[in-house]
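Look at TrEMBL and you will find C108 tagged as active site, proton donor. Per TrEMBL, the feature FMN binding site maps to P25, M26, V27, Q79, H178, A232, R233. Taken from TrEMBL, the feature domain 'DUS-like FMN-binding' applies to 23-284.
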Amino acid sequence: MKTFNGNNSIMDMFEKGKVLKICAPMVRYSKLAFRTLVRKYSCDICFTPMIVAADFMRSVKARDSEFTTNDCDRPLIVQFAAHDAQTLADAACVVAPFSDGVDLNCGCPQRWAMSAGYGACLINKPELVKDMVRHVRNQVDNPNYTASIKIRIHKDMKRTVDLCQKAESAGVSWITVHGRTTEERHQPVHYDAIKTIKDSVSVPVIANGDIKYLRDVESTHQLTGVDGVMAARGLLANPAMFAGYEETPLECIWDWVDISIEQGTPFSCFHHHLIYMLERVSSQPERKLFNSLSSTSAVIDYLQNTYGSVHELGT
């Protein structure tokens, strides 16, 4: 595994001319164990799940439960939900020694987030976003530490371009664009909008939305000229996707079992990830049976009986 520490800058990775492959921030799912797994399969950068900065700063218990990492968990971006600049900067200063950057969530369309002033409602507050980026850049005492934003798009692309250019003027490190509006869920991704943003700023741009196979990485790059792609559901279904596998290989499934046991992953999380991984390769009766399993030992027995052990891969 490649080494990465605070003396490195993620920005150097963008200069290598390759399209970076990134694991998205996913509530409940992009935790340490899953990040450990996807890093084994050609994922370049991982994000934590979104953490509400105010709660994080208010409680030591929240900090301990929301943010776990280890020495191999790099490069790592911590994503925060915030609506005031100083709280975001304070949270960034707390996690900076253990990560490589923070990301401001400006894309979550869930009603609870937007009603609390978080997530996608921030795309309508470019001056506030600019202020939050500037506070992080000014207050984290590490010139290599990044401050990025993840956004959705407006129907009027001039507003999105204005937001991105304001963030760039405040020193944003890069911008991730989910190519849908706040109202859109499963509609096609607006690749033209992502390309417009890429052409309008000089900082790196990451594309997010509908990355399900490795071939989608290259096709998205061709359509938009972006510097990287970010996947969420595609990686849940196949954590080895970035390594070129069409579906989750047996080796990856057993890697997940080993990592989960080693890190003490709660059963519900361990089981849910396997439900996603096996969806493409199992029949409906198999899925029904697997979903009903209620212990780690039952899951391991099922996997061995149904798919064989990892030692049988070569036979």
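Including glycine, each Cβ sits where the backbone N, Cα and C put it.
Unlike curated entries, TrEMBL annotations are predicted automatically.
M26 (FMN binding site) and C108 (active site, proton donor) have their C-alpha atoms 11 Å apart, to the nearest angstrom. A C-beta separation below 8 Å, combined with a sequence spacing of at least six in one chain, links P25 (FMN binding site) to F47, T48, P49, M50, I77, Q79, D103, N105, K150. The two recorded residues, H178 (FMN binding site) and C108 (active site, proton donor), have Cα atoms 10 Å apart. Max Cα-Cα distance over the annotated FMN binders (P25, M26, V27, Q79, H178, A232, R233) is 18 Å. Residue density at Q79 (FMN binding site): 25 other Cβ atoms are found within 10 A of its Cβ, drawing on all protein chains shown.
Within the set of recorded positions (M26, V27, C108, A232), the lowest number of other Cβ atoms found within 10 Å of a Cβ is recorded at V27. The Cβ neighbour count for R233 (FMN binding site), using a 10 Å radius over every protein chain in view, is 15. Of all the Cβ atoms in the protein chains shown, 27 others lie within 10 Å of the Cβ of H178 (FMN binding site). Cα spacing between A232 (FMN binding site) and C108 (active site, proton donor): 13 Å, rounded to the nearest whole number. Put simply, C108 (active site, proton donor) is 11 Å from V27 (FMN binding site) when counted between their Cα atoms. The distance from the Cα of R233 (FMN binding site) to the Cα of C108 (active site, proton donor) comes to 15 Å.
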